[in-house]
Every structure is written in structure tokens, then in C-alpha cells.
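Below you'll find the structure, written out as C-alpha cells, and then a few comments.
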Amino acid sequence: MSNNTTSLPAENSSHPRKGTPIRKKQREEAQQFINTLQGVTFPNSQRIYLQGSRPDIQVPMREIQLSPTQIGGSKNEPRYEDNEAIPVYDTSGPYGDPQAKLDVHNGLPKLRAAWVADRQDTEALASVSSGFTQQRLADEGLDHLRFEHLPRPRKAATGQCVTQLHYARQGKITPEMEFIALRENMGRERIRGEVLLQQHPGQAFGAHLPENITAEFVRQEVAAGRAIIPANINHPESEPMIIGRNFLVKVNANIGNSAVTSSIEEEVEKLVWSTRWGADTVMDLSTGRYIHETREWILRNSPVPIGTVPIYQALEKVNGVAENLTWEMFRDTLLEQAEQGVDYFTLHAGVLLRYVPMTAKRLTGIVSRGGSIMAKWCLSHHQENFLYQHFREICQICAAYDVSLSLGDGLRPGSIQDANDEAQFAELHTLGELTKIAWEYDVQVMIEGPGHVPMQMIRRNMTEELEHCHEAPFYTLGPLTTDIAPGYDHFTSGIGAAMIGWFGCAMLCYVTPKEHLGLPNKEDVKQGLITYKIAAHAADLAKGHPGAQIRDNAMSKARFEFRWEDQFNLALDPATARAYHDETLPQESGKVAHFCSMCGPKFCSMKISQEVRDYAAAQEQAAAQAQAATPTTAAQPIDITQPINMLQSGMEKMSAEFRSRGSELYHRPANLSAEANNEPT
């Protein structure tokens, strides 16, 4: 990025909150973040690229460098054994490459532009198709807000379908599919250590998890509808990724401005921040002013797929009056967003007129914003949902730009009391019907799920979805497993997310600490993402996804060997891990200490285990040397009790040490310090 200070466009607003000191500070901080934006990676990590079959297929990974393990020698001449670097999945795009030149005013490099052009089945449009977009472009009063370098939108050529599902069904392996295969394998072919490659068998609940993911396997899964590649031809900046239960569990982050808070620069900041902390996709749920302009800035700077809920913007166009929505206006909104580059639309097309009365006896009614909008429209007109009625036309639009459909659960339960009720599953069955229609047009589909569901009722959600939605990928909000923890709903939902991810859910929509309370800020986004990356990883481990345990094994080895710096660097959040450690052991000596602050130097279980192991090994070596010096015959039996006796001897020695210190579990720090210095206590 240029060193010159630049500014994102300022929004003019008469809203009173915009002028408050807190709002001003937030915007200034976001502007500073944008001004100083440069590619960065985590401590002791480096960006690497896995090369594909053509020069422009380069898959980014983050490689965590580890320190060597001391395996012997003396204090003055120690002997070391190298530890392998650990490659990990990286969603940060160019923002995670210290060599990248970044400028949000120009946007990211168009990674996929050549791939789209090479297929020769699209054409650049002479002008935008959306009447609303034409109005915005003609409004000179918006020039100060507009992304300056607007690309010309593309569309499928006449008679062509440009979806990844269409190519997959034709037997074509696209560059996107090859990119994904390399990415999903996470570079684990680079790992050679037997300890790192050990993994417990998983329980996959019917998922098929091959040892090595190939581009052909990716093609097969997409062709079968079990996975989607959200990749609008007008969002060439995005790096290909896949959502499906036979792949790594993915995480979505929600961002977006509202009528009372946030600005364009803050949303761009949240986008970059989200990709840094592991968001596989990002949904722009903006409902405030300048939705169109905000989305353009986000898309041009996003290395991950972007999803939206188009009904939110359509509602803004009718000043929030749901009854005034029309199909024509909504269709124009779809064209507007498809030509900007939105990768997937959430549509609440399964909220049917006859299902609305089913929610009357619920404790919390209809809690989905999109679901309530469509329910109100249906009741006010006493007509069927226009999204359902015009679903085939929607599919035709999506097929022309490769916009995936995320069929929304507008009747999801908003409390555990309402979980798994008649309305929820009636809508789910309708989403299965719509899935088949979308597939007729080669449009990619995933299914959205709840919501609030107690643990014992979660698995049924997965089995119902697989059966009635024909194994299309499932994408759930949590689910939250209890309703008693406002402020901690990233925890209540993370529990449910880990469970449903294990059962086969393909993507988890994060929940932040602000759920039910307010709009998330930057720190809330991080907390939600870390929680959900834990849930997704736990699900991958439980399923037995090949290679999922490598990072865990590396962490455990570093922990046992007291390699503190490696423990920090292998963590999902290295800075927090280091900060917690340094609260009690801030000195540099604490980074090499063979104990932690919980047990201290005199009662560390791992230190004791190492001492016992070393003692037993020394005893065994001495016995072997003695035996080698004694003539034996081939018929002499081997004494298998010797190693056991040696271990017992080691344990007895440590027991004596424990008793000699007074048989106390814990010791005062002053006493430990005095003992270490041979002072009286």
C-alpha cells in the first residue's frame, strides 16, 4: 500500500449518533487501520504458495516455523533435533502476505479473471442491467462515496451457463477445483514426522473423507450437489473455497452497517479483520444507508466469497414497509448484486403462507428478519411468497453469473422451547423441493439451519436436512444450546456448532458476544471467529478428517518439551496465549522455563514425567551395557520385568522427593525461590 495517507469516503449524515465522541473515535481508528494496511502474518509464520498445474494457480498457506528440540548433549554443547514447520489453511488472502502491495482504493488483484475469460462463455456488458444501479451511478452526489475503479460486469453469453455445478456435471475440472483440492489437503504431504501424523479414527456419520483430496473428487462432490464453490464471475478477487460435509468445516462471519452505527471504512476494516481470524466467507448484512456503495468496497477488497440477504436492501428501497415490496423491485436488486459480484444470496423462499399460522403458538414466534419480512408480505397480500412463486426466474439470474443460493430458514426457532417444531421442518421440506428446482438450472445450493436447539435435539436437524434436502450442504447459525447467557452466546452456540459440524454440517455461521444485544465491533468479530474456528476444528477431529490432528500433535509435543514460543505460535490466537502466560511469567526466562505458572517449577506433571522417563531410560541403558558385558547363550531367557522395575524405581525416587518437600501439592513462590537458591525457608 502507498505510504501516502488516503481516506475512504466520508458519509454525510444528520443522525445524532454519528457525531458522538465514541462514533468519531471508532471511525478514526478504522481510517487509521486502512491508511496503514499492509500484508502481515502471525509470529514466526511465513506465507507459502502451493503451485498448481498452471502458473496462476498458487494456493496460499501459512507455515508456522518451529524451534528445534534438545535431545541430548551438555549445557555447553547441546544436541538438537529439528521440528517440522506446520502448514495451516489461510483465509487472509493478500492481507496475509508481507510482500503484497495493498491499496483498498484499487482493490485486490483479480485472481480468477483469466480463468473466467479462458472459458469463453461470458461477455462484458455495455451497461449495468439494474435500474437502481443506473440511478446510483447517475447521482453525482454519491461520487465521494463511490469505489473509483468500477469494473465492467460480465454475464453468461447467450445460451451459456457459467456455474461451477454446470462445469462439474459436464466432467470439466476447472482451475477453481484444482485450487480447492490443493487447499483442502493443507499441504500435509510436506509432513514426514510419524508423531505428527498420528490420528485417532473419527466417527463421520456417513461422510466420505478420502485420504487425499483430488481435483476430480472436488468435481464429483460439486456435480452431486453435496458441495458448492461460491464464485461469482464478477468477484474475481476471491480465492476459491468449497462448502461440503466431505471437506473441512467452514466458518462464516457477518458484518454490515445499520441505520444507527458503522461506516464504510469500518466495514472494510471488519472484512480484513475477519479474514485474518479465519472467516471462510463473509456475509454483508448492511441495512443502513449506502448499502450499494458499501458492498462495492467490500467486494473489491475481499479474498473470500461474499454473501448477502437481498431482501434487506429491497426493504430499504420501500422505506421499510414490507407490504410495498414487489417482485419487479426484488428482481432488480438481484441483478444489481449479481453484477457487483455477490457470491451467494440468502433467500427466504420457503416461508409459505400456509406455514405462518404454525408459528402462532411459539414462545418466540418468527425471529428471522428475512422470514418475518416475507411472512408479513404474505399476510398483507394474502398471496404466496413471491420468492417461491418466481423461484425459477431467480435461478435463471443466478445461472448467468454463478451466484449460489443459500436457502434461508425464515422459520428457524428463536428459543430452545420452539426447536424442531412443525413450522421449522415444514419449511425445511420446502427448501428440499426448491433445491431440486435450482439443480435443474445447474445453480449451486446450500441449506440454512437453526438457531436455538438443545443438545439432545441437534442431530435430528442434520438427518432431516440430509434426507429432505438431498445432501445439499447444511449451513447453520450455531445452534445455541441454551438461552440463559446473553453476552456469552458465542459459547452457547459454539457448543452446538461443534456438535452439528461433527454430524455433517458444512459451514457454521459465527455468533458473537453481542448476539441478541447489539451490533458487533471489531473485537466481537474476533471473539466470535476464534470460538467458531475451535468448533469447526473440533468437528474435523471428531469426523476424522485426514490431517486434522497434525497441529494438535505439534502443540502437544511443544507443550511437553516446554517450547513456549512454539506453543504461542501454534495457537489460534498467539497474542492472547502469550499475554496470559506473561501475566505470571513475564521474564524472558519464563519463555524457556520447564514449568508453567499453574503448577510452578516444583510440581509440573510434564516435568516430572520427563524426569521419570529420563531416569528409566538411563537405568535401561545401564542394564543393557551390563548385560552386553556378560556372556550369554541364545537359550537364556530375557527378563521382561527389568524395564518395569526401572520405571517403578523412578516413580519411587520421585515419590521420595515429593515427601521430602513436606508432601504439599502447592508451595509459596518465596519458598520455591529460596529452595532454588539453597536458602533456608
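The backbone N, Cα and C atoms fix where each Cβ goes, and this holds for glycine too.
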Correct range for region 'Disordered' (source Swiss-Prot, candidates 130-153, 274-297, 658-681):
658-681
Matching residue for the substrate site, where Swiss-Prot names Asn254, Met283, Tyr312, His348, Ser368, Arg369, Gly370, Asp409, Gly410, Leu411, Arg412, Tyr475 - out of Glu237, Glu433, Glu448:
Glu448
Go through the binding-site residues Asn254, Gly410, Tyr475 and tell me which ones have a CA within 10 A of the CA of His452 (Zn(2+) binding site).
none
Residues that sit under 8 angstroms from Tyr475 (substrate binding site) by C-beta distance, when 6+ apart in the chain:
Ile243, Asn252, Ser406, Met446, Ile447, Glu448, Gly449, Cys505, Ala506, Met507, Leu508, Cys509
With Cβ-Cβ distance below 8 Å and at least 6 positions apart along the chain, what are the contacts of His516 (Zn(2+) binding site)? List them in sequence order.
Pro486, Asp489
Across all protein chains in the structure, which of the binding-site residues Gly370, Gly410 has the highest Cβ count within 10 Å?
Gly410
If you measure every Cα to Cα distance among Asn254, Met283, Tyr312, His348, Ser368, Arg369, Gly370, Asp409, Gly410, Leu411, Arg412, Glu448, Tyr475, the residues said to bind substrate, what is the biggest one in Å?
20
Taking the Cβ of Asn254 (substrate binding site) as reference, which residues of that chain separated by at least 6 in sequence fall under 8 Å from it?
Val282, Met283, Leu285, Cys509, Tyr510, Pro520
Number of Cβ atoms other than its own within 10 Å, given for Tyr312 (substrate binding site):
19
